[in-house]
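Per TrEMBL, these features apply:
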- 855-866: compositional bias 'Basic residues' (COMPBIAS)
- 867-880: compositional bias 'Basic and acidic residues' (COMPBIAS)
- 672-810: domain 'U3 small nucleolar RNA-associated protein 13 C-terminal' (DOMAIN)
- 56-97: repeat 'WD' (REPEAT)
- 98-132: repeat 'WD' (REPEAT)
- 140-183: repeat 'WD' (REPEAT)
- 184-217: repeat 'WD' (REPEAT)
- 394-438: repeat 'WD' (REPEAT)
- 439-472: repeat 'WD' (REPEAT)
- 492-525: repeat 'WD' (REPEAT)
- 534-575: repeat 'WD' (REPEAT)
- 576-617: repeat 'WD' (REPEAT)
- 618-649: repeat 'WD' (REPEAT)
Amino acid sequence: MASAQMKKNYRCVPSLQQFYSGGPFVVASDGAFIACACGEAIKIVDSANASIRATIEGDTEAITALALSPDDKLLFSAGHSRQIRVWDMSTMKSVRSWKGHDGPVMGIACHGSGGLLATAGADRKVLVWDVDGGFCTHYFKGHKGVVTSIMFHPDTNKMLLFSGSDDATVRVWDLVAKKCVATLERHFSSVTSLAVSEDGWTLLSAGRDKVVNLWDLHGYICKMTIPTYEVMEALCVIDSGTQISSFLDSYGQQIGKGRNGSSAIYFVTVGERGIVRIWNSECAVCIYEQKSSDVTATTPDTDEAKRGFTSATMLPLDQGLLCVTADQQFLYYLPVKHPEEKFKIELSKRLIGYNEEILDMRFLGEEEKFLAVATNLEQIRVYDLESMSCAYVLTGHTEIVLSLDTCVSTSGRTLIVTGSKDNTVRLWDTESRNCIGVGTGHMGGVGAVAFSKKWKNFFVSGSSDRTIKVWNFFGISDDVDQPVNLKAKAVVAAHDKDINSLAVAPNDSLVCSGSQDRTACVWRLPDLVSVVVLKGHKRGIWSVEFSPVDQCVITASGDKTIKIWAIADGSCLKTFEGHTSSVLRASFLTRGTQLVSCGADGLVKLWTVKTNECIATYDQHEDKVWALAIGKRTEMFATGGSDVVVNLWYDCTAADKEEAFRKEEEGVLKGQELENAVLDADYTKAIQIAFELHRPHKLFELFAELCRSARMWKRAADCHMEKALRAIGKEEIRLLFEYAREWNTKPKLCHVAQNVLFQVFKILPPTEILEIGGIGELLEGLIPYSQRHFSRIDRLVRSTFLVDYILTGMSVIEPNIQAAETKDGSHIPSNETVLLAEHAEEEQQQSPEVLKERTRSKKRKSKQANKARDSSHKKVKGEAYKNLAAIPLQA
């Protein structure tokens with residue numbers, strides 16, 4: 001068997017995140033994304049895979065209302081802070097904001113033209129705003145309760161605004177006349193939803209009084225009242241031409257309730273029962289009703305309001321129906337033809353907006369395309385890893401599910417076993433999605449379960465009652481109507497405290513248990529006979545697992561360590577230290593040669609067993625990491641914890657190696673291209689390549705060469721530098737500022753840095769420089785050293801004036817003699833020149849004897865001067881220069 005390739009790095013993909021905490025949401029005009037309120041923030045969620053495209057951080061108050069402009073370029077939000085904000089969807093930044101209500105804003109609607117915005121508040125007011133100017137255009141008062149719903153007439157030519165309130169009335173406001181033209185009073189409770197028919201002349205209103213009223217907008221009279229016998233939260237009109245409408249037409253004809261005229265309206269209602277119903281306004285009857293609710297039911301005594309729908313909307317571009325549940329789930333429905341019912345609305349996708357704390361999870365099936373997750377709820381949610389939608393939900397436990405495990409049986413069935421706080425274990429068949437077996441007998445919450453690894457015909461459970469039970473499920477059918485009562489084959493009182501983890505050996509001969517009593521015990525199956533007790537941890541043990549290749553066990557403990565134990569004698573073989581808090585999970589990778597761990601410090605660590613070395617640490621969680629699932633085939637793994645995030649980790653060792661090789665190859669080619677550009681004196685190209693290769697030393701050499709050239713050919717060198725700097729982008733300019741900041745700290749390099757900065761400030765206007773990211777910090781680093789260099793050079797320049805003065809006073813520097821020129825070009829002799837000329841003529845006229853005597857006198861004076869100079873060793877340097885400087889004047 002070929003040796004397994006060691007893993008060196010993993011790439012994290014945040015696959016399941018919290019994006020909706022209840023409240024308002026709005027769907028894009030093409031259905032591609034949903035803007036959801038998530039506490040104080042707004043999450044922009046991709047409808048395809050529930051990934052978060054962007055997060056808009058709001059103020060400190062919860063968001064209560066959202067709306068999108070018709071072109072999806074602007075997002076409007078408001079909340080308890082009463083601040084109405086306009087967000088640019090391209091930059092995710094607030095472009096303007098204002099206040100106008102005296103209480104929280106409960107609803108927002110944007111006009112079809114995109115120019116007007118209507119807001120409904122808890123202060124009983126309805127205000128209309130100019131989107132571009134942010135000023136109020138209409139101020140409407142009249143409701144006697146909180147205004148809960150608001151909408152413009154979908155026909156932009158009809159300037160009407162509708163509002164529903166807790167005072168059980170619907171008011172129609174004329175935007176042209178700026179007054180209320182009608183008050184519709186037929187409800188007896190809060191109005192929760194409004195809709196307008198496709199022809200634009202019928203208004204539908206639903207309320208918590210369990211009726212839907214249809215209003216004629218010609219005379220503002222009630223045409224019909226349809227009792228629904230359910231508290232209504234939302235209604236939607238089905239437009240003609242859609243897939244649902246065509247199915248309904250054919251379905252209505254088959255049941256003899258077709259449309260007799262164009263006045264019939266199909267509409268959908270959802271409410272507290274959690275079922276979708278479709279109504280025909282002409283017959284005033286429900287023509288379709290779901291047989292069972294897709295809302296995940298919890299315990300039987302759960303409040304009905306928590307099980308139902310809170311909102312619904314028809315998706316654009318005929319994409320079906322979207323319903324939102326009270327437990328933050330987005331349910332997508334599509335119409336299908338059913339052989340028995342002829343028409344049916346089926347759930348096509350389920351996006352979970354909020355998960356409770358993730359306690360355990362496992363990959364599902366041979367291909368590992370699904371992930372079973374146990375959250376802090378009574379259900380098990382199974383996610384499709386490709387779309388990250390919840391494929392289905394397993395319900396049956398009456399308390400929180402604490403642990404789970406999965407396997408593929410010898411018959412090919414994919415099974416799930418779960419342990420719950422209700423003291424029971426349940427066996428589930430994923431194909432039928434039913435519970436096929438229930439095991440009772442534990443006296444405490446079942447905190448650990450583990451399937452058989454080889455024969456797949458039994459599982460083991462451990463509980464807070466400190467016992468371990470072995471359950472046999474061989475021969476159980478998957479098509480049973482009621483779950484079978486499972487029987488325990490063996491029971492043992494295993495520990496002194498709660499059992500946290502169980503693991504079955506690869507050959508099904510042993511089972512290992514880890515407990516809060518700081519010990520791990522190995523038991524022989526099937527009779528649970530004690531083999532060895534592993535003692536050495538100083539805190540409770542949270543995780544145990546058998547090695548897939550060696551006779552050893554790995555344990556993770558609250559004492560921040562991971563240990564590997566020999567099964568033969570119970571000795572500790574290795575100890576791994578590195579976590580800063582309790583290690584909650586640890587599992588083998590790469591055929592037992594590596595392991596991955598996660599802990600309460602939020603870190604995920606990758607270890608090499610042979611060297612005890614931690615080769616990678618990942619900080620992608622913000623809280624405790626409780627759950628760790630390892631893919632047996634792909635060796636990818638998933639982590640989840642208290643931060644309500646599930647991260648998928650993919651091995652990227654080979655990809656990193658290939659990428660490093662490609663970058664190295666590109667670097668060699670670019671390096672050669674850089675050298676060629678330098679040889680060709682193409683400084684513009686050379687500087688660009690140096691930026692691409694991130695070579696600050698080479699950049700300095702290029703700029704230094706340009707600075708040296710500037711002394712001889714200033715205009716040409718400045719032109720080269722200016723051309724090179726104009727050719728680079730903002731990111732390169734930021735890098736250049738970083739490099740210049742480093743160069744500026746050294747006196748030997750500062751002149752180049754100052755020259756570069758001078759050229760940059762000369763080329764770029766201040767407004768563009770301020771747009772560079774992090775420019776403030778860079779300038780703060782440049783200013784002190786620049787001031788220091790300036791002060792140093794200023795002192796040097798002032799010192800040169802003193803030197804010039806001294807040297808001039810010592811006659812080392814000759815005075816400037818400027819010969820005046822006549823107009824014809826002849827020189828006018830100065831007084832000193834005339835005296836020297838006359839002295840020379842006098843010497844020529846003297847006799848030879850006089851000249852000889854004068855020469856002897858000069859020689860004697862010269863000898864005496866030499867003797868005096870030799871005898872004095874303390875002459876200053878300035879006097880020597882003075883004597884030397886006087887010689888030419890006497891010659």
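Including glycine, each Cβ sits where the backbone N, Cα and C put it.
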**Q.** Remote residues contacting the repeat 'WD' (534-575) - C-beta distance under 8 A, at least 6 residues beyond either end
**A.** 497, 500-506, 510, 512-522, 581-588, 591-592, 595, 597, 599, 607, 609, 612, 628
Q.
Within the same chain, where does the repeat 'WD' (394-438) have neighbours whose Cβ lies under 8 angstroms from its own Cβ atoms, ignoring anything closer than 6 residues to its ends? I mean 6 or more beyond.
A. 296-299, 359-366, 370, 372, 374-382, 444-453, 455-457, 459, 461, 463, 471, 473, 476-480, 483-486
Q.
With Cβ-Cβ distances below 8 Å as the criterion, list the same-chain residues six or more beyond the ends of the repeat 'WD' (576-617) that contact it, or say none.
A. 4-10, 539, 542-543, 545, 547-550, 554-564, 623-628, 630, 635, 637, 639, 641, 643, 649
Q: Pop the mean pLDDT for the domain 'U3 small nucleolar RNA-associated protein 13 C-terminal' (672-810) in here, whole number is fine.
A: 86
Q.
Looking only at the repeat 'WD' (184-217), how are its residues distributed among DSSP helix, strand and coil?
A. 0 helix, 19 strand, 15 coil
